[in-house]
Every structure is written in C-alpha cells, then in structure tokens.
C-alpha cells in the first residue's frame, strides 16, 4: 500500500481536531457544517477502505459505536457534591461573611459564572486519554456513560498536550444549545414525532440512550466548570485551571470573570443577569466561587456541599397575558431584538406591558405568534420575559411573526453573528445604534456627562450635529446652533458644554466602558486600565496576551482585539485622540529604578464607605481611594483604617464604634487626599 492514504488520514484527523477546537473551545469556526461533514465522511471512507489505518482515538468514533445492554454504576473518586442556593443579595453577603471569617481575611478573590441548566458530568482522563464519563448519580456513584460521552460535541478523546497530568477528572455540564434545540424540534416535526419539551430533559434523555448513535443525534455539548480528582499537576486558582483546560482542547463555561471582593462580584452578577438573553444555553442561576485553590482547601466541604461556592438564584413570579404585537428594536451593538407588546398585567407588584423575546432563535424556540396567550416570568432583577405559550388557547387567528431581513431603521442588510444567536444591522452609522451607543457613552456607568440624556441626544442627532462620540467634543464650536434647539437656553447650553469638556479627563476605564466594546463593562475596563495603563498599550497587545490577563479570558480578549484592529475602532480612537481625551497613564514597573520615590497618600490603608454622601457617589469615593493607593472594602474589621460615614449610616457605623475603628466624614476624607470641597 502506498503511504499516501496514511498521510491523508493523518492530515484529516489533525484538521478535524483543529476544527473541533475552533468550534467548541474558541467559538471561531473556519468552515461550515457542510464542509466539516465532508472532511469527516472522507476520513470514514479511508478508514473503512484501509482498516489497518483505523485508530480508537480517531474523530470518526465520536459519532457513536455499537449499542450497549445497560449502564454500569461506578464510584466517584471524590464525591460530586451539590451546591447550596441563596435567593437574595443578602444571602450572597452572608456567604461572603462566612468565607471571610473562616479564612480570616478582609476580602476574598471570587469568580462568577453562569449556572448552566444541564446534566452534571465527570470526564476522567488518565495520562491525557479519556477513559470514562460518569453522571452525578447520587453524588457518591453514577452511571458509566463513556460511550455516550465520546459522542459529545467538543469533548476531546485525548488532551492536546505532550505533557498531560497522570489523572484529571474534569467536571462540567452536558447541555443542548438553544439553537440546536430549535433544529431538533424541526426534525421531530418533519418526522411527525412529538416535540422535545426542553433542552435539559432532552440532554438527560440523550445521555441515557443505550445506542451512542442516538445520543450523537441529539447534538449534546459540554462545558467544563469544575475539577474532581487530579494528580501530576497543580492549579493556582480557577482562572489558571480553566486556562489549562482550554489549552488542552476542553471547552469551558464562557463569560467567567474573576474579581476581588463581594461588591465587585455582585456588580458583575447584575451585568450577567442583564446579558442572559445573549446566551445560547439555558441558565438557572449564577455561581460565585472562591477562586484560589489553596483557599478552597482551607474551607473544605460539608457533607452536602463545598463551603467555597454558592449558587445565586432568583425568586420567580408568573402571570398570563396576551401578545398584542411584536416589534423589532435595534440596540447599541446593532442587535435586532424582537419585543412583545403585551396586554398589561401585574407581576410581583409591577405592571408589565412589554417583554423582550431576545433573538430569532428564542422566538422560534418558544413558537410565539401575535395573539398568543403567554406566561410571563419576573425573576429577581431580571427583566420580565416570556417563558412559554399556552397553545391550548389558540383560536386559529394568531399570526406568525416574520423576522426582517433588513434593518427596520436604516434598511441596511442584517447578518447573524458567527457562532452566536444575534442578528445584527451591519451599518455602524445606523441611527438606532448611534442613539443607543451615545446614550450609553454619556451615562453614569461610562463617561458620566451630566445633562446628556436621551432627549438631548435625539435632538443632536435630528439636527445633524453629532454622528459619533468625537462630535460631542466639537459642539462648543456649534454653540449658536445649540441655542436654536428646543429647551436650550444660554445657561443650559453652557452647562452641557462644560460637562462634555469635563469628561475629557475621566479615568481611562470610563472611556473603555463607553466605547461599547462587546462583553467589556466597568469591571473589565478597570482591569484593562490597571494592567496596561494606556489605550495604546492595550491596542498593541495580541489576543493571546489579553486572554492571559487574570480577569479577562478568551471571549473578552477576542472582542477587545477585534475592536482595536477594526477600521471602525481605529477611526473612533484617532478622532477621540484629536479631541484631547485622557488615554491613560503608563504603568510603572515596580522595581527600584522605576518605582515612585513617594508612596501614594493612602498607600496600605483600607477604607469602608457607608451612608448617603453629599459631594460624591459611593462608586466615585471608591475610585478616589484606589487612585490614591488605598483599598476600598465592603466590610468593617479591626484592620480597617477608617470608616467614611455619610448621612443615615447604618450597622457599619455601630460595628466601627465597637471595634474602635476611626470614623471620618466625607469632607475629612477629601481633605486627606487634597480634594477639599
């Protein structure tokens, strides 16, 4: 036999594994599903024609082997414990208080991630080879479903490393993506079969199939989020662990963020809750974990659950109402969002008359039609959303909604995100995108331009005075035209122009937040500023170096890199540079040659803020503390330098008194840093 078939088989296996990694781990596919299937079928044909070239770890064996008689029950090397739940911010803070008390520290390093509503699964690798897949079962033992685990999308049969750990038990969640679930039910419908009820039940049923080919047909995927037994390697913290998994070709839970302190964790929880609709998988909460593995070891477990993590869930309230019409809204990133206008209904004390349907996949998954009676759910601080259709109440007069093929605002073409769920307007000059992006840029979360609300922005856009962020800083040249706008007098115009000028000196993280880079909010912007110092240094980073930053990761790194290297992003940055905005300060090395001769005024000091302040918001005081070398904490201890107390200070004031912690006013603090009002 010629060595050509052997070379082609080797090439095809490497290509298929590479494309698998691009699709499942990096979310950056290079080929279509059709092209991928063509490669797989060619490899199958060669292995069938030349059986001596077949191999147990070939990608072709992931499509499923022969049916089995039943599942063997096997013990877990370490118990697969459950997670304790809390349903309020107070519950999260109580968890943090217990953790800090046990660790005897003021602040804990946490990571926050989505709690995927799937089926818990442990994958055991020995010397880099997948040897077993086991369900949670009763926590002590579970079903050996190795033959089905092999078929799961993204699960590598061998770790992509020449130096694998002797033992690695990867724990995570098997799930079916919402987009795949829609397609599966279309297939069920075409075959005249009953529709699957929901992604989680369908995943569970798939893993119980005795025929692996049936499991493979259900399009089950896997995200890793935890670890069981391991040997031959050490992990510093959660970020380090997930980074290793990605390097080895194992897909990990997306959008994981690390931060210091429970306040930062809760702030990020809120951001994640607001972004639920961007996900292509079901979520039933958030998970807050202590990140350092050494701290986890110290905290240990109870008989039921680890002490170092908590599931933050939300109380759910439901009501039934009717959809009157569906409209499309275009957001600040160009995403087309279908919004259901509802017959007003009372839910948890508020009147709900609108509900986002999020995206086309969700619209199809729900099967919503205009005129349908639907169940609307309000959970925690999440915006009310439609959870199901009451199909038994249909009369035949309902009307299907056709998703537009062009932007309803500017009539530009629309495109679906590669590997994502959103359909977006491709025109960056779309008036709807511009309006929403300017509103976000000027908001208190970003550049904090006082007086620039949505009505002002709409007037500026309608008058043609603004077409981008940089145009805001040229409005002083157009003062006379501003005076002609509705409700713009001499004082209000000058006040607005002064506020715009003041924003030029805002910290870099505020500018980064306002630039509306996908996945980049306040916390990530502060991380980028602290790590790199200036926009130019951030811009010079590779995607890999950005991903290596502790709190960033590959998803955010890709988004940041794409923005700063796109024609659109480059133009925005250069125009803002011409306007004289603060682009940051170079980060100084910590060695003796470059370190500042004088320590910051608050160096080594820890402050807690409580009550209502007069001159600054609490976030702004926290920012001032950090700028002057101090540390802002959320809780009082004997190590606290001072409590900054405003009006109506609560329990923290009493605790500070009991611990003899100095109590100072906002003005006293401002005098301390040379900013007396």
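Cβ atoms are placed via backbone N, Cα and C, with glycine included.
Remark: residue 289 (NAD(+) binding site) has 110, 111, 112, 113, 238, 308, 309 as non-local neighbours, by Cβ distance under 8 Å and separation of at least 6 in sequence. According to TrEMBL, the NAD(+) binding site annotation covers 33, 34, 35, 36, 37, 82, 83, 113, 136, 173, 289, 313.
Annotation comment: TrEMBL describes 115 as active site, N6-AMP-lysine intermediate. Non-local neighbourhood of residue 115 (active site, N6-AMP-lysine intermediate): 83, 283, 284, 285, 286, 287, 311, 313, each in the same chain, at least six residues away, with C-beta under 8 Å from its C-beta.
Look at residue 410 (Zn(2+) binding site): DSSP puts it in coil. Per TrEMBL, the feature Zn(2+) binding site maps to 407, 410, 425, 430.
If you look up TrEMBL, you'll see 597-677 marked as domain 'BRCT'.
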Remark   = DSSP, reduced to three states, assigns residue 115 (active site, N6-AMP-lysine intermediate) to strand
Between residue 425 (Zn(2+) binding site) and residue 136 (NAD(+) binding site), the C-alpha gap once rounded to whole angstrom = 43
Remark   = Integer Å value for the Cα distance linking residue 407 (Zn(2+) binding site) with residue 35 (NAD(+) binding site) is 30
Query = For residue 35 (NAD(+) binding site), which DSSP three-state class applies?
reply = helix
Inquiry  = List the residues in the vicinity of the Zn(2+) site, defined as same-chain residues other than 407, 410, 425, 430 with C-beta within 8 angstroms of the site's C-beta centre.
reply    = 330, 334, 408, 409, 411, 412, 414, 426, 427, 431, 432, 433
Query = If you count the other Cβ atoms within 10 Å of each Cβ, which of the binding-site residues 83, 407, 425, 430 comes out on top?
reply = 425
Task = Note down the number of other Cβ atoms within 10 Å of the Cβ of residue 136 (NAD(+) binding site), including every protein chain shown.
result = 19
